[in-house]
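Handing you this structure, nothing more for now.
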Amino acid sequence: MTVSMASPPPPAEESVWRNFVKRLISGVVLSTAVISIFLFCPRIATSMLMSILLAGCSYEYAWLVARIQPLVLHDPMPVDLDRYAISSLASKWHVQSRAAATALFSLGITTIVVAVAIVVYVSGGLDDIDNETFYATFIPYTTVSSFVGSVAASLSPTPAAAIGIGLSQLAFVVIILDTILCPFDDVHCTYVIDPAFVLSMQAMLVCITHLAQSRPAASFVADTYVSILLDQLGVVYLVGLVQILSNFVDLSAVSDGRHVVIALLFAVWGADSGSYFTGHFLKYVRYTRYHRLAPHLSPNKDVEGTAGGVVIGLVTMYIATTIIGVQTSVVVRVLITAIAILFSRCGDLFESLIKRAANVKDSSHLIPGHGGILDRVDALLFAAMIYALYNIHVKFLD
């Protein structure tokens, strides 16, 4: 099956009630799981969660890029939705099922990565890491990261996209090595390599990957140029912002039990829900004087809904921080959260720009009622920058 330049027919409208129920169930399940991990699980569990988040977002972004490229190139090639990165390998293996091929590939890659790590450690290549840290922390993280990264890579649209996802997972683990290997109270333990250096290396390897691709001579320059630009955007947007969120969570664990993270989550979730309910309430009372926020990107987003989101986000943040005992003044909490919510709206609009360029409504259909993973974290990634900056320079908790 291929996707042409023509716009797809609009999907059948889903009832407001049915959509609300799906959003509610998915939201409650996901939010409960995330909060439980942040509050009750060890730091390595949050690092695993971030790795899963990065893999899922990278998978969705790869397919968005695959849809964008034909729409911006002068002589576009149609997107084949039936092919995936390891489809040629599946044919050689005589495996007809995409799920079976993905499972075989992912288990194979994970086994190889873990085996190599153990061999290197046993041979003395990682002699500064004690046995408990290596086997109880590093190996579990490596297993999860390798497996989810392999699944995302194998289901991506092209081998180049698969390589890009693998590079993203590798860059991410290098950036957060402190979280994986160091006790949070050991200020002298450090494995950090400058994130800017890691991201620059990833960007260079992405360029090399695309330059080495075999493409028709007539379209090589344009196709390669567009591919490199879109993938470089993905490096900054996904690896860059997810590592900021991950390091923010790690610093919050050091400061005071990740309460700052809970404040961030409730602020963003409250703002998102507030915008949703404000829009439906105004529609119910037949309000017509909408002030569109960015009609060229997302016709359904307006100033009124954003204002409602800010108010509800501030209320949920205040309730959450009061319950968990944040002692910072109300004025400071309100100011930081209001700025973060406005940034979260920018994140929402930025993802809308990418989806509009790809001519799709949702980044995927992985989360019933919500769309894709990117649809759920686009606002969070931008808002986390504000909370992270404040947490680093001022310290949110007394």
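Using the three backbone atoms N, Cα and C, a Cβ is placed for every residue, glycine included.
TrEMBL entries are annotated by machine, without manual review.
Here TrEMBL flags 20-41, 99-122, 134-153, 160-180, 192-212, 224-248, 260-282, 303-324, 330-350 as transmembrane segment.
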Do the transmembrane segment (224-248) and the transmembrane segment (20-41) share at least 3 Cβ pairs closer than 8 Å, excluding pairs fewer than 6 residues apart in sequence?
no
Near the transmembrane segment (160-180), which same-chain residues lie under 8 Å Cβ to Cβ, leaving out any that are not at least 6 residues past its ends?
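Counting only partners 6 or more residues beyond its ends, the transmembrane segment (160-180) has Cβ contacts under 8 Å with 43-44, 46-47, 50-51, 54-55, 58-59, 62, 65-66, 85-86, 137-138, 141-142, 145-146, 149-150, 152-154, 189-193, 195, 198-199, 201-202, 205-206, 209-210, 213, 227, 231, 234-235, 238-239, 242-243, 246-247, 250.
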For the transmembrane segment (20-41), which recorded stretch in the set 134-153, 260-282, 303-324, 330-350 gives the largest number of Cβ pairs separated by under 8 Å?
260-282
Grab the same-chain neighbours of the transmembrane segment (260-282) for me: Cβ-Cβ under 8 Å, and only residues 6 or more beyond its ends, written as numbers and ranges.
16, 23, 27, 31, 34-35, 38-39, 248-249, 252, 290, 300-302, 304-317, 319-321, 324, 326, 333, 337, 340-341, 344-345, 379-380, 383-384, 387, 391, 396-397
